[in-house]
């Protein structure tokens, strides 16, 4: 604490003198302190950049892995649905063994065609997205998987009772083909349902 010194002035009156100025800082000390702060700040910023880069790299790797799983599921659903379409469309054996005579089998055929076209298009879209390095999910993926999966499960459920009744009376190439087509529709439904779950998870993770 600086002390004020009184000295006699004119007429013997004591006048307070101002305290002396503080001594100047030692040369080089302020510069060293500033350079130290600058180094610390640069190191902290570099650490933050490295952390952000590592987090971004982990997110990209996770997104690519999930995109690959979705691609496999949709490609598998497309192939399975294609085989189901071929089985139903081949059931043209005359008389009661015509799939066109039964609306349940017509619905199964339409759902299988929709699943085949949709899954193939989405698989191609996922492949192109992976090649571009973009793994951002879209709401269309989540909604489309659910809609097509719903079509498959309802078509399978509609065709199953009549197929069971037919097989209880006779087992031939027609009932076998329909049984196989229904089973393939169930498999395609499971693949697209699992794909919808992954798409929903990626959407929620991307939103937050």
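Backbone N, Cα and C define each Cβ position, glycine as well.
Annotated in TrEMBL:
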type: REGION; residues: 1-32; note: region 'Disordered'
type: COMPBIAS; residues: 17-27; note: compositional bias 'Pro residues'
type: DOMAIN; residues: 65-191; note: domain 'Casparian strip membrane protein'
type: TRANSMEM; residues: 69-93; note: transmembrane segment
type: TRANSMEM; residues: 105-127; note: transmembrane segment
type: TRANSMEM; residues: 147-166; note: transmembrane segment
type: TRANSMEM; residues: 178-201; note: transmembrane segment
Contact set, same chain, for the transmembrane segment (178-201): CB under 8 Å, 6 or more residues outside the stretch: 66, 69-70, 73-74, 76-77, 80-81, 83-84, 87-88, 91, 99, 105, 108, 111-112, 115, 119, 137, 141-142, 145-146, 148-149, 152-153, 155-156, 159-160, 163, 166-167
Composition by DSSP (helix, strand, coil) of residues within the domain 'Casparian strip membrane protein' (65-191): 108 helix, 2 strand, 17 coil
